[in-house]
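Listed in TrEMBL for this protein:
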| type | residues | note |
| --- | --- | --- |
| DOMAIN | C:6-415 | domain 'TRAP C4-dicarboxylate transport system permease DctM subunit' |
| TRANSMEM | C:36-64 | transmembrane segment |
| TRANSMEM | C:76-94 | transmembrane segment |
| TRANSMEM | C:133-160 | transmembrane segment |
| TRANSMEM | C:166-190 | transmembrane segment |
| TRANSMEM | C:211-233 | transmembrane segment |
| TRANSMEM | C:239-255 | transmembrane segment |
| TRANSMEM | C:275-293 | transmembrane segment |
| TRANSMEM | C:313-342 | transmembrane segment |
| TRANSMEM | C:354-380 | transmembrane segment |
| TRANSMEM | C:395-419 | transmembrane segment |
Amino acid sequence: ASAQQTIRFAHVDPADWQSSKKGAAAEIFRAIVEGETDLTVEIFPAGALGNEDDLVAQAQDGITQVVMVSGAMSRACAAASVLDIPYSFPSAPVAWEVLDGPFGEALAEHCLEQTGLRTLAYGETGFRNFTNSVREIRTPADMAGLRFRVQPIPLYVEMVEALGGEPTPIAWTELPNALATGVVDGQENPVGVIYNNGLHQLQQYMILDGHVYAADFLVINEDFFQSLTPAEQEVVSRAAIIAGNMGRSIQQWSTAQGVNAVQAEGMQVYSPTSEELAMFRDAAQPAVREWLAGELGDEAVWIERLEAAVASASE
Amino acid sequence: MARIDRIAQAVLAAAAATMMALVFLIIFVNSVRRYTTGESIPWGEEAPVYLAIYGVMFGTGLAYLQDRHIRFTVLTDLVTERLRGRLFAAMDLATAATGAMLLWSGIAFAARRPDRTASGLIGSARDLAEATGLPALEWLGRMGTWQAAIAVGGAILVVAALIRFALRLREV
Amino acid sequence: MLVYLILIAGLLLGLPIAFAILAAMGWFMATGEAPYHIRIVATEMFSGLGSYALLAIPLFILAGELMNESGITRRIIAFANVLVGGLRAGLAHVNIWASVIFAGLSGSAVADTSALGRVFIPEMEKHGYDRSFAAALTAASSVIGPIIPPSIPVIIYALIVSGVSVPALFLAGIIPGLMLAVFLSAYVALTVKVEHITPDPDLSGPSPREALLGGILPLLMPVFVVGSILLGVVTPTEAASFAVAYALVLGMVVYRKITLASLPRIFGDAMRDSAVILVIIAAVAAANWVLTYNRVPNMLTDWVLGAVDSQTMFLIAVILLFLFVGLFLEGIAAMLVLVPILHPIAVSLGVDPVHFGIIVIFNLMIGLITPPLGLCLFVAEGIAKVGMARLTRAILPFFLVEVLVLVILTFVPQIVTFLPRLLGF
Ligand code: NA
Ligand code: NA
């Protein structure tokens, strides 16, 4: 490749590296690639080039070369949506093992065929947790009758219904008002999102149930990747894996900080036992699995593949 | 041509008014319901946004037929009326060309995975398709239907600019 | 290079601004070196328009059209007339203070110019004012509209900068808006030689008491709309829909000036007038993508930070930059391009984000009255038909007054931050 080649790296999170997982991933990717090759890396943070769906489309067209996205990947490569099945991963290290192991590799290969985007590495957006302002939740029975704001995404509606709550799809921008006025009793988000947006001031209780694990996909346009020299490919691949891990670390850091901070500001945080978590899993998974299998059709095999991978990683 | 102009204006005005009314009604009814009964329509956020984009496209065409778009007139004010008329006629053609580009760009945009679902709309669209027995209505929940707005706007702009051009040729 | 040629030639030869930008972008995407793609133009237009918060714009414009049709505008003028019409050059003061009241109902300066201009420009001429002075004063005072809440630019600003809330910015605009009115009034009092002018009986209504009472229902609207936003009960978009509903009830039920049959025309006009602004926003979104992709914002930031090291220097540079940009760019478009770049710099230099927001909005609203591209100027000229050259000369002193207010606001931040602080934002 020529010495002037530029990698445009786009994502939708803030640019700073101390608190933004994708921001941190992009920075270390640039540092490594620029340090060890003649490639130039330009970072486009905070959705400067568009929302996640736009970014995926641009990477597919080679307008950008590298993008780091979460939810948009499953819209481009449906099989990736199996990761959203609630209570699939008992812990983050298990998720890392699954995604960094054969399952993650197979999924990456499948998505490469589907999209022309090579998944270089996985980062994470984090586990999502329920909060509410009515009562402490320890088991699904405590959720009965509570109105939860969900993203307007069918999978989340299915999940909250299966747990006995009342899902109310509300746009993100309307959420603080809806919580303040009691239009909904609760919501669900990663801890960092809850804390950074002050939602803990509007909510009394949080359960660290980690119902959905959201992964980040660090992907590169395949044609561009193939145009690199083997040496450059090696550096780019390695930098991406380090970047994914950096993203995970920053995410873990902000979650741990956030859990402490919301408690310091008066929120009651509950860590469920493994028995209680099993009750959540048994309530939510069958309905969502069935619904998702219908959506995926032929690709529903990925559900079993994921379950097998999680089982072997949890051993 | 004056008759074509009248018809085009009437059609675009009716379409723009319909979009404006729908945007207002959906937002108003949805907010009132939320604060009274605590319920909200799942498509209450997305539908008005997309309807408004169509509204902007109809309104853009209508505003063109009525010469209401914002343009610099500092230079064009300096020339004779006759020359200005000719200049604006040339700009009508330039606008038609821009409209054609927009049509092209809009088709490329809408044709890229048009069946991608609009997350807030798809559920209700499927229910509607089932209830009416018209499977085509499911497309109300797919992005292609809404993304096509830009292409529609491009086509409208071509027509509006050509009508304006024909009329202006008579004026100058 | 051809891209700039298309853009500049298009703009100068009278191609509508939105289409000049789009033509240049289309050319760039179609002929530029790979990897550009023509699809980007439509994609970015669609995302530029695809926001719920942006819907406040057509809704507030619709509310404005309904208020015009329902005779509310005349009631406002009569109300202002009772308050300040008796002063020397009374009609000029009424023009200014009617804008203040109108500001509480409308979020857009253009709506103010077109609603009040239709009444004031002919009326002031009838009373011996120079027609171009009347048009200039109308345009200049309409700038108050988007400073005092509700305000479309504020809504868009809060959309661009996360972490700055609409209620805080709304509160912050109240004192600057009133201050601008006081300064404009003072200028009129000091310079206008026209002796005590009593407005037409047509304008003042039957009696002061009736005029004041007649203003109550319209004036309840801003209290209700802005109040509910400030209390956090509704979002600005929802509030805009309530404003429409309120104007509909006033116009159709209370004043009976609006008939069911006229609604399609009013709704269509509102969508059309919104489209004129929103299509520019969409075109700028496409242009923004290209600028961002080519890292123009980053280069600008580096350049600014390299040249500027103190808050004062930065704020002066910002004022000059926005005054310059305001000459050529529509206010909202300019905000969409520049705020994402300048806000982080302002914060890093320790400027209060709410203060900075008001400076930017005030600054760009001044751009509405500066040629060659000043929307309010265009609208005023559309009514007055005195020619842009005459209108430009007439607007100059008002422009200077507004810049003076801006400078004071910039260097006495307490004027801006006092109210939001007081109410805990
Ligand atoms: Na206002
Ligand atoms: Na005025």
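Each residue, glycine too, has its Cβ placed from N, Cα and C.
Of the two recorded stretches, the transmembrane segment (C:166-190) lies close to the transmembrane segment (C:395-419), with three or more CB pairs under 8 Å once pairs fewer than 6 apart in sequence are set aside. Counting Cβ pairs closer than 8 Å to the transmembrane segment (C:395-419), the top stretch among C:133-160, C:211-233, C:239-255, C:275-293, C:313-342 is C:133-160. If you look at the transmembrane segment (C:239-255) against the transmembrane segment (C:211-233), you find at least three C-beta pairs under 8 angstroms, all six or more positions apart, and that counts as contact.
Same-chain residues lying 6+ beyond the ends of the transmembrane segment (C:133-160) with a Cβ under 8 Å from its Cβ atoms: 51, 53-54, 56-57, 60, 92, 95-96, 99-100, 102-104, 106-113, 116-117, 120-121, 124-125, 166, 169-171, 173-174, 176-178, 180-181, 184, 188, 222, 225-226, 229-230, 236, 239-240, 243, 331-332, 335-336, 339-340, 343, 357-358, 360-362, 364-366, 368-369, 374, 376-377, 379-381, 383-384, 386, 391, 394-395, 398-399, 401-402. The highest tally of CB pairs under 8 A with the transmembrane segment (C:36-64), across C:211-233, C:275-293, C:354-380, is held by C:275-293. Here the transmembrane segment (C:354-380) has long-range neighbours at 17, 109-110, 112-114, 117, 121, 135-136, 138-140, 142-143, 146-147, 151, 153-154, 157-158, 161, 164, 168-169, 172-173, 176, 315, 318-319, 322-323, 325-332, 334-335, 338-339, 342-343, 346-347, 388, 391-392, 395, 398-399, 402-403, 405-406, 409-410, 413, 416-417, 420, 425, meaning same-chain residues at least 6 beyond its ends whose C-beta is under 8 angstroms from one of its own.
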